[in-house]
Amino acid sequence: MRHLMASPSVFLLLRSGDDWWDEVNNSVLWQDRIFHTLAVLYGLMFAVALIQLVRIECRASEFGWTTQKVFHLLNFLVNGGNYFVFLASIIVTCSHDTLISCCCFVTPALQLGH
């Protein structure tokens, strides 16, 4: 049985792999971009769930509340809530108001029931 030994360059590469995370973790620009990207994605899912709910209701209104309609309604509510929390967080961090920022950052914990 042959033992595979990694070359020193592999160890250096693995060791330098932590550097990108430190760079992203310490960069306000990266964190803002990731935060805004998440806000946009939640907004997109919010809009798609609403469009799907309306489309299904127009096509099959005689069936009442089916599982598919409830699913899209819940997607609409959850993604809409997360989208508005992200938007409120962005607005609050720009305004530097302590009371509003405390209320805004406690809201996600209230949604989860913690």
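Using N, Cα and C of the backbone, Cβ positions are placed for all residues, glycine too.
Residues or ranges marked as domain 'THH1/TOM1/TOM3' in TrEMBL: 18-99. Annotation comment: TrEMBL describes 33-53, 73-92 as transmembrane segment.
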For the domain 'THH1/TOM1/TOM3' (18-99), mean pLDDT (0 to 100):
85
Within the domain 'THH1/TOM1/TOM3' (18-99), how many residues are helix, strand or coil going by DSSP?
75 helix, 0 strand, 7 coil
